[in-house]
């Protein structure tokens, strides 16, 4: 199995190198092929893993003087998340093949090698991060993914996008100091970088390490006070935005914190309070920022911030002893990945076909393009957490787990009520935009829209299906 | 050949070649011959340097020439560095200087002098790092200034002469302080041991406990000012950005990559003596303060520069600051980290200066505001610069990441968490500066009517080797390098070889 | 008068001669005063050699005579005569009177510092040691306070003489090769400085350090 996990990391990396060396015309195909191969590896891995009884396994890859520097591990959570991040990476590769061409009305483009090379490297780095069992490994892939996102956000090379790219890189790099601290403290305390050593730390050291990792996680997941980079990062090509903000970059933060908690063997309550309180604050902030947004991508950016807050909320609640909240958070990570990718890709398809992504200009999408209309509705309802779409189930698990532990912790009850109110509010807000955009007679921009390319249609349909099914897959998988 | 012949041979080879090159006639035809001589010399130096390092690794310290020459593992690191970076920048010089001669920037005479001084410069640096005699160490450092001042001013333009003058005056004055420190140390040691022994670093270290503590302190301050000038430590760094930006690019790479480290090498030698004589507290606190100041000042200066090479020069100052911090943090991890960072920074900086050379020859300017789209006009150079800049910014999987992380961890270990976070934040500023280079100069819109053509393979091949070294040191540091780092750290800590533990990382484990 | 007192007395003369070097109007004049100073230095070496019964100092004296009394001044006088910069004027940042005052302060400070040194080698020659240190810093002050780059070269030479004297006083017993190495370096340093100064004068038609400010930031 380790071979398959390694393959899913190395294949896209090799693909990136090949793309850099091959002529420009081949880059699109190469990127898609290698992402596809990596996805296939992971699906086989998932199958073998579940057939084999889901027994976790770890392998060290690089050792230096008896200290494990880099190791990979396969377990229930890592396999699930890896399938999502790499699989969505594959879908994005296909979608990008259609999106980045001269027919794009918002950003006509010839595909540059840079795009697929960094996207491919990004997929590899994400797989590496997910399977890493050492803090150093996480740090390395954390930084690599930062560089990749920088290269992709700045892809159009406009001053604004380059500025946004640098901003994202610098802010997440500052946050990564948390991981530096965590790795150093762990090493100095235990002489190992293995994540599993967190459990053996003294109470103080454990608090320091977990809080340090939490800071790094906030940086990548754009939580307060590190949220500034995410809305600006919307300067990226839309498929990249989809990947960054749904499946990869921002999930890095949630994932490394989840990993740390899993290994912590009971985290101090202080960590839980810091985590839940900051999550709630970010939640409220993100919701308030919904209201003035007209640009569909910026709206989605703030929605991403709040959805990530739900995951942190779930993780924070799990500190107080709720396994349900933890599983809810992981499932939400999985579900949100598909739902948000879908939403971004709808936005991308709209700007591809109509040349704008300003919501007030977009009306009557359903009659002009039924697929986009349906996709819009599904994505919005899934994000807002309406059954039977996936967002509902995972959010429900987080809340259910939360109310359970809140019996003993009155403060948590307050936080949960606030979160619940936000949930209702964002439901109302998304419903408003669905009602504005989807039904009715097409507006000028929509009426003049060009058809959606086939590759983009296929990806959208896959994602619509996943937006319904993913929560069941996650629930079954996590048991 | 006897092993003890290695150090003298290593020294003589570049010296003899330098003299031969100076003696060559300058006609149009002899240019190729001079290049060949130069090539033989640098390759010879590389081979001899690596052989010496290999011998030291397998058989231990080499002492010869009446104990005046010594290559211990600490020196071996620097010998190897001079060999490798000297050879690669020397190879890069061939294409670069040809281009300058073809474009009338240099005359045939200057070309000959360039190669002569280049090899002389290598000789002087080797003299510094193989010296066991502390006065000879000083002589060597002073000689490096003299050897390289001409290289800095070789273009004979107003700015390059100005840079050379500042370089010469500031470094001569600074290094004069170093002489005072040297003399004080010698006088101090000769009070308790035979004068012929008192001039040897090894005997001074062995009798460090008998030294007068006050004089040791004064001498260390003088040494730090003196050789710190050469290393570019704040506030003695004023010459560095000028000299590094005005010199021919391969020389800039050599200055930044190796010469600064020779200054540091001498400081490390005295640091070891001082630590043994009066304990680590005094030297370490001075080093820490200077290191942090150096990083703080240069971080902002890096950011505001528009001249590519000046930016890189300030960057070198910053990394010297980090090395000094590593030394100041002390402990086996800190010192090993500092030494490793010395190596790593050399490779990356040499790569980037070579890259800046290609850019300069392609665009005719170093002003980053008018250099755009390198990736489109010279794709390979662009790729190299991009990788080099990311490496220098400390991103994995490149080598600088490893040593920066080690310095950081050593600092936390030694109980300076706030200081380390401050330093890390300061380094973030330079990450921004480097990313800016990539975003606006490597990428961006290429100038109209500039044809797409890269530098010749003569320029690109050494850069490729440097990048490969950077990757190797980042992903899997070769075992022998780890060994030699460990042994060198043992020497600085004066533990001898036997008690030192297996790897730099394990030092920490052993200490607990 | 004991041998060491002669040494101390001669060392005092060094400060006088170095003042002459600094305040001299023309660089070629300075070169002559520098030769005079080096002669004093050679005398110090001889006196010290006989006082401490250290024959190797005679070798030092001979080397110093050849290089510092003859070679370097000749090089300087010959090449500096050809260089000129009309606009520079005296090139002084501070007046000669202030320079003398500065020298006095430096000597005083160095005497204070040296009085704290407890090395056995320093006993009896503390005044000379103080002066050697003062000479070093005085040379540094010369570099800082003179805009004429040729005067800066002399400043370097003064520093070098200062450290040379310290070397002789404290490390007279060091192997001769050491001394030769240091002297060779010093001579080469002066030669290269002279070459550079000549090039600068030719290229930029100035000898004013304040004009060399193109590179900044």
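Cβ coordinates come from backbone N, Cα and C, glycine included.
Per TrEMBL, these features apply:
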- B:6-24: transmembrane segment (TRANSMEM)
- B:36-57: transmembrane segment (TRANSMEM)
- B:69-92: transmembrane segment (TRANSMEM)
- B:69-100: domain 'NADH-Ubiquinone oxidoreductase (complex I) chain 5 N-terminal' (DOMAIN)
- B:113-129: transmembrane segment (TRANSMEM)
- B:131-426: domain 'NADH:quinone oxidoreductase/Mrp antiporter transmembrane' (DOMAIN)
- B:167-187: transmembrane segment (TRANSMEM)
- B:218-240: transmembrane segment (TRANSMEM)
- B:252-273: transmembrane segment (TRANSMEM)
- B:285-308: transmembrane segment (TRANSMEM)
- B:320-343: transmembrane segment (TRANSMEM)
- B:383-407: transmembrane segment (TRANSMEM)
- B:419-443: transmembrane segment (TRANSMEM)
- B:455-476: transmembrane segment (TRANSMEM)
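Confidence across the domain 'NADH-Ubiquinone oxidoreductase (complex I) chain 5 N-terminal' (B:69-100), taken as the mean pLDDT and rounded to a whole number, stands at 93.
Note on the domain 'NADH-Ubiquinone oxidoreductase (complex I) chain 5 N-terminal' (B:69-100): residues 6-8, 10-11, 35, 38-39, 41-43, 45-46, 48-50, 52-53, 56-57, 61-63, 106, 111, 114-115, 118, 122, 125-126, 129-132, 201-202, 248-251, 253-254, 257-258, 261-262, 265, 268-269, 339, 342-343, 346-347, 350, 353-354, 357, 361, 455-456, 458-459, 461-463, 465-466, 469, 484-485, 487-488, 490-492, 497 of its chain, located 6 or more positions outside it, place their CB under 8 angstroms from a CB of the stretch. With helix defined as DSSP H, G or I and strand as E or B, the domain 'NADH-Ubiquinone oxidoreductase (complex I) chain 5 N-terminal' (B:69-100) counts 28 helix, 3 strand, 1 coil. Taking residue pairs at least 6 apart in sequence, the transmembrane segment (B:167-187) and the transmembrane segment (B:285-308) share fewer than three C-beta contacts under 8 angstroms. Residues 141, 144-145, 163, 166-167, 170-171, 173-182, 184-185, 188, 259-264, 266-267, 270-271, 274, 282-283, 286-287, 290-291, 293-294, 297-298, 313, 316-317, 320-321, 324 of the same chain lie 6 or more positions beyond the ends of the transmembrane segment (B:218-240) yet place their CB under 8 Å from a CB of it. Long-range neighbours of the transmembrane segment (B:113-129) within the same chain, counting only residues 6 or more positions beyond its ends whose Cβ lies under 8 Å from a Cβ of the stretch, are 10-11, 14-15, 17-19, 21-22, 34-35, 37-38, 41-42, 45, 49, 75, 78-79, 82, 86, 90, 93, 97, 106, 136-137, 139-141, 143-144, 146-148, 150-151, 154, 248, 251, 254, 258-259, 262, 265-266. Residues 30, 33-34, 37-38, 40-42, 44-45, 48-49, 51-52, 55, 62, 64-65, 69-71, 79, 112-113, 115-120, 122-123, 126-127, 130 of the same chain lie 6+ residues outside the transmembrane segment (B:6-24) yet bring a C-beta within less than 8 angstroms of a C-beta in it.
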